[in-house]
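Below is one structure, written out as structure tokens, with a few remarks after it.
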Amino acid sequence: MKPWRGSLRAALALVLLPLLTPASAVEPISLGLAIAGAAASALTGIISYPRLYCYFRECCLQKHDQRAAAALQENLDKKLFGQHLVNKVIVKAVKGFLNNTNAKKPLALSLHGWTGTGKNFVSKIVAESIYKRGLQSKYVHQFVATLHFPHAHSINLYKDQLQSWIRGNVSICPRSLFIFDEMDKMHAGLIDSIKPFLDYYELLDGVSYRQAIFIFLSNAGAEKITEVALDFWRNGRTREDIQLSDIQNALSVSVFNNKNSGFWHSTLIDRNLIDYFVPFLPLEYKHVKMCIRVEIKSRGYTVDEDILSRIADEMTYFPREERIYSDKGCKTVDAKLDYYYD
């Protein structure tokens, strides 16, 4: 029998005692105190029981690592289209990291590709796989470059604030998740301030960062990804033939040398502290139709193939002559559906 169940039964037995024994057997005040004391003791035991406590209140490391990895795989399989590399790399990297009880450094993933290809969507799925509240969890922290770090003249202030924020939150929860959006719009040099937290240190001022996860989102490098994808297409090879080794090195070099990127000449890249540069391939017409179909179903409508095709045809595609890839991915699907259905 589980300890808290035994305590609960004991408390219930005391609550039922007056119904089973004569009233004169116990003084009313003593009985009330006994019942209150036993109930409080039982409830304290129940609430202190980790799983039940975390049922009522969000806890750090809320989901068991194996369950988190399984949820991640399932959601990517069902909801992410046309991104075989992303699916493979994200699942392998996150699953391996969550199951590693002796990680030497935090996990750092840098997601690259055009708008609408799924970068924010994947970071959301990663957050939801680890915490029930996903992006709303108090252990998941999002930074948007143009919102949180808008002024170039305040870069030193931002560095101090960023370090303090990361240090404070990892001290509270070792498995904190940090997401940096719009890395291509971040001021160069700012992100280097978090280099110590991503390095191979066991402790920094008594704090270990080895269980934390850092995800960077950027449009930088999208041209290089498209270049590789087009080469495969023009040579009669499918996008599924593309391997991570065909893109990753060229992608990291492209991002490192991009003066308009927050990773420009960054020590995070120079010191090999980014574990994976994850390429999001541009989406084709068939993938756009998949996005539309899922969104229609999620709104509770019956899929009308004519409307589905009409919406997909209204999207714009590139290169101009071949018209292979959607220039906005699936980003404007919601707005298109509003016009046709709502």
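Even glycines carry a Cβ here, placed using N, Cα and C.
TrEMBL: automatically predicted annotations, no manual curation.
Among the features that TrEMBL reports, ATP binding site is placed at Gly113, Trp114, Thr115, Gly116, Thr117, Gly118, Lys119, Asn120. Close to Lys119 (ATP binding site) in the fold, though at least 6 residues off in sequence, lie Leu111, His112, Gly113, Leu217, Ser218, Phe280, each with a CB less than 8 Å from its CB.
The annotation domain 'Torsin-1A C-terminal' is assigned in TrEMBL to 283-340.
The signal peptide annotation in TrEMBL covers 1-25.
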Neighbours of Gly113, Trp114, Thr115, Gly116, Thr117, Gly118, Lys119, Asn120 excl. site residues, C-beta within 8 Å of centre, ATP: Phe121, Asn219, Phe280, Gly329, Lys331
Cβ-Cβ neighbours of Gly113 (ATP binding site) (radius 10 Å): 26
